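Okay, so here's the structure we're looking at.
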């Protein structure tokens, strides 16, 4: 049966080459567990405890373990140490001697360490036949403390039904195990029995307990050594065992790089070498600057006004966001950068409104149209691109924009085979232009300043023109209204909208 | 046979498409023997030819490798010159974050198995989640109402995403596909009937994300590639090759003008890609194990990663290097997922030890640890307006924290 006391050298030490995710964890836990047991190097005292008429060998209290973890892993809060200790137990490295449930308690509860033979790093995947032998063996041992728990009795009953045909074989194996066990020294048996039980508590956990042997299926394929998988606890050979499971088929070993691969790598490295990079100090300042600027907008860092809906169960915060009156704080954000102004639909509308009042909205409308072009389904792209060309760039275009000749030539070329990125150069150029010109004027404008300083607006003179935002806020936030909003938004940006109604507006599609 | 099937056997059967509890021990199929047909015989003609070619070009391959190695060294030296200070040193002058009192504000129960992924709707309160048993649920997180539920034909739905319009969701997993389901207002309508298969990979789908529109979908896969698809036609617009192992995660750059995204995978690399050209523009390799998740900092100038090595790291694109490592001796288990708070000051990270740690991005220290989940945390995402973050877990629940 199980060979092993904690003194025995690790059977199945982790292959140092094995860096699969599970093994990394096991390695770390095993390092901790070995340190805890190393009394000479500041580990806990593992001793025999006298209890009623008997002695309990090789145990340590939960409190001792928690203390050690806090001290040696720099943990300030005992709750954290208990949590980590419980996980170490749940993975099968230590266990309470009188409970199937593998958690750590910060009190006098007694714990024992698992034998390295049973460590999860040995790639145990015990079969049900072994579990059947184990449960069967338990019923043969007439000891109150080894009596089957309810869930174990249920499992045994199910196994008996499933293995009905080979139950005789299982029974015989169980008997053989009992014989072997009887030959062992009493104290040693106590330890081994408990370790064996703890092993099964990991692989056949109490219902309701986490099964820590469950694996993330994305990582299964890469388990290195299918032949290292241990399936038999009791030396029972099973026909299925010689076949590695599909989960353990090693994925194609990473192919050796070809000349082509290395050439690609060289090209890549040369590009990286040419890249102009910033110093970390500069980058750090930039990160700090951004964070500082936006801290007041971060609900986790600053109090929100009105309250955070998730905390207060009051959704006013969201209602305010959706309303047509943006708060001063929100308007202030549009001033941080043009990107911020464009990101906020209300900011974008106000910017557009300002430009329209100056009859210089073609740049922004072009930019918005190109953004929208990139969001179209593939088959609509070519025709839409042509429409944009006609509207903004062609000779005598109604909303003609100013492009430098280089970008104009490039764009004109691109339009021969129109695609989503045909206007990239133009869009970039226009963006820069707006940033240095229109955006700066917008921030100085009355439209913006009134909102920023929350000045009372004169009676609305544009009664007839409902903005798309107003249409949206009438409905509650729901998928249908989102669809409706999207429709009106897209028709807004595709229409050559200006304060004068144009009869030659191109047909819209959305 | 309930309760007595080992976890591995469950996975084996799940991969074969069978719910494990339907299989009786005696009827269990033998594991596939497909290994025998995939291991190439050393004597077959094509491998002989390859061996001969290798011998001939052996010298020039070695020369190329030498060139590559010396370039790498040079690059390291150049970059090291820019490493004039540590982020946490510069951040010493920044004020400490005031004590956070983050608690669970909602628990979403309804999934029958591990929740693997979730995504927020732009309306800041709805979310979609997907689980190991094939169920995809759309919730109003605020009221806890389940608004839609779809059962996928495969198990392990590892990726799900909400469309920007709020009118559709995309999901996929072991079926190697990403499908889009329009969300009908009619509760009685069968969503599965309107399903549209968009992406096709040759291995599991690990991540998906709509670009700024309902019309394009970006996917990552266990086949080592990422791909951009046109939703309406299902056409592949661009594919991204470069990872040498499974890609586990992707994230689109937040910029209105940008056309880039970052991906992380089992090759321990995080790659930044140009969506237009399909080129890998930057690459980072400092983790010791799989990168499970990558997420951009709000400006798009940096991104964070979560790895099985138990650490999260911050990489800056302008400095082209790692600028922070978020780790602790007591954090042994892998990090599965990360996300930034709105200002980028806080980093929320979910771990395989069932906890969520909150890190100070600038100072590098851990601010608090959140307990609550009873099994691994698989996904963590901050809501669009930053008022909360949601976590999905193997304990079958989702939690919303604020």
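Using N, Cα and C of the backbone, Cβ positions are placed for all residues, glycine too.
Quantities reported herein were computed from a predicted structural model and do not represent experimental measurements.
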Students should find that the region 'Disordered' stretch in TrEMBL, chosen from B:1-41, B:42-82, is B:1-41
By Cβ distance under 8 Å, which residues at least 6 away from the ends of the repeat 'WD' (B:198-239) in the same chain are close to it?
156, 158-165, 167-168, 170-180, 245-252, 256, 261, 263, 265, 273, 275-276, 278
Beyond a gap of at least 6 residues from its ends, the CB atoms lying under 8 Å from the coiled coil (B:61-88) belong to 54, 314, 319-321, 323-324, 362-365
With a Cβ cut-off under 8 Å, give me the same-chain residues at least six positions beyond the ends of the repeat 'WD' (B:108-140) that come close to it.
14, 146-162, 164, 166, 169, 171, 173, 181, 183, 375-376, 378-379, 381, 383-385, 387, 390, 392-400
Residues of the same chain, at least six outside the repeat 'WD' (B:370-402), with any C-beta under 8 angstroms of its C-beta?
102-109, 111-125, 127, 129, 131, 139, 141, 336-343, 348-358
